[in-house]
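Visitor: Let me give you the structure first, and then I'll get to my questions.
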Amino acid sequence: MNGERIIAFQGRPGAYSDLACRQARPGWTTLPCQTFAQTIAAVHDGRAELAMLACENSLAGRVPDIHALLPEAGLFIVGEHFQRVEHCLLGIPGSTLADARRIHTHPVAMAQVRGIITELGLDPVVEFDTAGAAEMVREWGRKEDVAVASALAAELNGLEILRRNVEDATHNTTRFYIASRRPATLPPPGPGFMTTLLFRVNNQPGALYKALGGLATAGVNMTRLESYMLEGSFSATQFLMDVEGHPEAPPLARALDELSFFSEQQEILGVYPASPFRRKP
């Protein structure tokens with residue numbers, strides 16, 4: 001990579017994942033990829049050093065497929081980033097809000113800007129990507145078509161921001177995993193760490209309760225727990241879990257020992273510094 005540091009993301013240039021890359025790793029070159037699988041592959045084959053992978057959103061919930069892709073990729077989670085989602089209404093230069101007739105954006109973003117759609121009486125048109133919608137509005141060159149995307153997408157596509165912060169909720173935040181081919185180099189175990197792991201239990205009464213009992217006993221805080229059926233089977237369930245702590249520190253180490261006793265399989269996907277965002281009120 002000739003000294004150039006590259007971080008890959010899923011989406012078009014100007015996507016919120018692109019913005020997350022630029023804020024989390026200032027000065028790095030961002031590499032857009034079409035899918036999450038291609039984003040992971042870019043790191044795996046050496047085209048990028050890191051991958052920025054959206055994992056959950058405060059309004060839309062979990063991002064699918066990440067739990068299935070990461071274990072098979074041979075990557076490690078080495079960090080996390082929280083990105084505030086601030087939707088902007090974008091139009092071609094010289095256009096105004098009064099010109100707008102059709103609004104283009106990703107379906108999740110469309111559901112988050114119902115207020116502006118109603119206020120302006122716009123016809124919603126669903127597109128594959130927020131930044132992709134901005135590119136299309138630029139290419140069409142019509143004042144009647146506007147896009148909902150980031151301020152970065154406006155900058156990269158030469159569009160005007162007709163109105164900022166058109167999102168209905170101000171607490172719209174996306175959390176990202178930052179993944180690498182190598183595990184994070186960390187200081188000795190102590191406070192301020194997060195651990196992400198997968199584990200599997202049988203669908204039997206009390207199985208999950210027993211598996212997680214050690215967390216409560218050890219005083220370990222669990223911040224995320226997602227369940228997934230395995231390969232279409234109803235006989236076993238896989239869980240993706242984020243917990244506070246380092247697996248070599250006594251509280252979490254004890255909890256993981258108990259978890260391994262009651263679970264069929266356990267795999268740590270990464271140990272990494274907790275984001276400063278977690279300390280915000």
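Backbone N, Cα and C define each Cβ position, glycine as well.
Residues annotated as L-phenylalanine binding site in Swiss-Prot, with experimental evidence given as evidence: Ala207, Leu208, Asn221, Met222. Per Swiss-Prot, the feature domain 'Prephenate dehydratase' maps to 6-181; the stated evidence is sequence analysis. Residues or ranges marked as domain 'ACT' in Swiss-Prot (evidence: sequence analysis): 196-273. What Swiss-Prot lists as site 'Essential for prephenate dehydratase activity' is Thr174.
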Visitor: Between Thr174 (site 'Essential for prephenate dehydratase activity') and Met222 (L-phenylalanine binding site), what C-alpha distance do you get in Å?
Guide: 18
Visitor: How would DSSP class Asn221 (L-phenylalanine binding site) in three states?
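Guide: Going by the DSSP assignment, Asn221 (L-phenylalanine binding site) belongs to neither helix nor strand, so it counts as coil.
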Visitor: Any idea which of the recorded positions Thr174, Asn221 has the thinnest Cβ neighbourhood at 10 Å?
Guide: Asn221
Visitor: For Ala207 (L-phenylalanine binding site), what is the tally of other C-beta atoms lying within 10 angstroms of its C-beta?
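Guide: Excluding its own Cβ, the number within 10 Å is 17.
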Visitor: Per the record, L-phenylalanine is bound by Ala207, Leu208, Asn221, Met222: how many Å separate the farthest pair of Cα atoms?
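Guide: Those residues reach a largest Cα separation of 19 Å.
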Visitor: To see if you understand the setup: which same-chain residues, six or more apart in sequence, place their Cβ under 8 Å from that of Leu208 (L-phenylalanine binding site)?
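Guide: Non-local contacts for Leu208 (L-phenylalanine binding site): Val201, Thr237, Phe239.
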Visitor: Counting only residues 6+ apart in the same chain, whose Cβ is under 8 Å from the Cβ of Met222 (L-phenylalanine binding site)?
Guide: Leu212, Leu215, Met241, Asp242, Val243, Glu244
Visitor: On the 0 to 100 scale, where does the mean pLDDT of the domain 'Prephenate dehydratase' (6-181) fall?
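Guide: Computed over the domain 'Prephenate dehydratase' (6-181), the mean pLDDT is 95 on the 0 to 100 scale.
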Visitor: Let's see if you can do this one: DSSP helix, strand and coil counts over the domain 'ACT' (196-273), in that order.
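Guide: Summed by class, the stretch gives 25 helix, 37 strand, 16 coil.
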